[in-house]
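**Student:** Input: one structure, supplied below.
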Amino acid sequence: MARTRNRLDRTPFQTAVTDLSHDGRGVARRDGEGGKVTFISGALPGELVRAEPTARSRHFDEAKTVEVLEASPQRVTPRCPHFGVCAGCVLQHLEESQQIVAKQRVLMDNLERIGHVTPQAVLPALTGDNWGYRRKGRFSVRRVEKKDKTLVGFRELDPRFVADLSICYTVIPQIGEKIPLFAALIEGMDGKRDIPQIEFIAGDDAVALTIRHMQPLSERDRQAWVAFAQEHGFAIFLQPGGVDSVHPLWPQDVPLSFRLPQWEVELAFRPLDFIQVNASLNQKMIAHAVALLEAKPDDRVLDLFCGLGNFTLPLARVVREVVGVEGDAGLVARAKENAQRNGLDNAQFHAADLTQDQRSAPWMRQGFDKLLLDPPRSGALEVLQQLPLKTFDRIVYVSCHPGSLARDAGYLVNDQGFTLVCAGAMDMFPHTAHVESIAVFERR
């Protein structure tokens, strides 16, 4: 006889919320469950809520708030009508000034719990634009036959579903206010079932959409996108396959770039390239990192995971030489072009997979005074274990994941004898639980 899985009891329960998790959910311990931890979406520390169970596991349960019985004084009314359904933002119900406080707390907790390190000083949080800041992103697209409509938006909190967005306030207004127009255009296409996603990216002077399509577009559909682009001021790219298949539909020549006025630098990029999503925070972050590095005119600096040269080229304005290393060969090619375009002949770039053995690479043996790195979520442990770390007087580590930063900080401090001078959060993604941070290490 086949075993049947126990059905989840969704009876709402009342509980006190004591903390905020790293992903922005309230944390509660249910006495009736032996003190088992429950993560509750939409709940804040200090609140008494009624919550409905949504999932159970051996070590913790999950639930969603159905009623706030006693509200936190830090609770605010979310601006977005889709809050609580869309997973794009999970902290809109928390006062903006407290969001970054929570992120600082997540960072410090990770450093202590995972890395077993404590910074000598906590840096003041870095903040930028809180609304309309997101200049790069990806919308999912889904034709829902039962609703007889096309949905365009971010994923819902239940990632099986696409949020049916009417607006998004965190995305730049040129995009966030036009989401229903995207859905209407796709709904009218011959190939409306063949569009799985739309990517958007904005430079200082142009906004580009990349349309992923699983089947060739009909001429009628192509002309519909061209007309849409002309009416609303977009550049349209098509992506029938992998990244290399991206090509312009209209216009044929689209200059995409952003400027860093403090450094007299302009960075050109392509539609699917990585750029920092928050333009105002990015400019502050670069200035912050350069200052924390204490870069001097005679310094030679190594910039790992350099991308388009976001840090490399500003550094080239203030140091003798800077070498950028990046795993994406396309980004390296663009970085070299950017250096040439900006008249910076003291910036070199190399393509290298920094998760693999690079000890014989020529750039590894050049000799540097300082190190700046901005790795992906997985961190930089593999390359840190290969570098001649004792040659660096100072390291500035920009992180997009506090857990991997904490692990790498533990290695630098506890295994390699560095001091964690300071660390602090940076609010690259306001209203989300994403924690961007920066840390400074000094050789003892």
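Each Cβ is built from the backbone N, Cα and C atoms, and glycine gets one as well.
Remember, it's a predicted structure, so these values are computed and weren't measured experimentally.
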**Student:** Going by Swiss-Prot, Gln276, Phe305, Asn310, Asp353, Asp374 bind S-adenosyl-L-methionine; tell me which of Glu264, Glu294, Glu321, Glu326 is listed for that site too.
**Tutor:** Glu326
**Student:** In whole Å, how far is Cys86 ([4Fe-4S] cluster binding site) from Glu326 (S-adenosyl-L-methionine binding site) when you measure between their Cα atoms?
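**Tutor:** That separation, Cα to Cα, works out to 33 Å.
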**Student:** In angstrom units, rounded to an integer, how far apart are the Cα atoms of Cys86 ([4Fe-4S] cluster binding site) and Gln276 (S-adenosyl-L-methionine binding site)?
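**Tutor:** Just about 22 Å between their Cα atoms.
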**Student:** Taking just the CA atoms, what is the gap between Asp374 (S-adenosyl-L-methionine binding site) and Cys80 ([4Fe-4S] cluster binding site) in Å?
**Tutor:** 32
**Student:** Taking DSSP three-state, what's Cys86 ([4Fe-4S] cluster binding site) in: helix, strand or coil?
**Tutor:** strand
**Student:** Does Asp353 (S-adenosyl-L-methionine binding site) have same-chain partners at least 6 apart in sequence with Cβ under 8 Å from its own Cβ, and which are they?
**Tutor:** Gly327
**Student:** What whole-number Å value do you get for the CA-CA distance of Asn310 (S-adenosyl-L-methionine binding site) and Cys89 ([4Fe-4S] cluster binding site)?
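**Tutor:** The separation of the Cα atoms works out to 26 Å.
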**Student:** Compute the mean position of the Cβ atoms of Cys80, Cys86, Cys89, Cys168, which form the recorded [4Fe-4S] cluster site, and then list in sequence order the other residues of that chain whose Cβ is within 8 Å of it.
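**Tutor:** Neighbours within 8 Å of the Cβ centroid, excluding Cys80, Cys86, Cys89, Cys168: His82, Phe83, Gly88, Gln92, Phe154, Ala163, Leu165, Tyr169, Thr170, His431.
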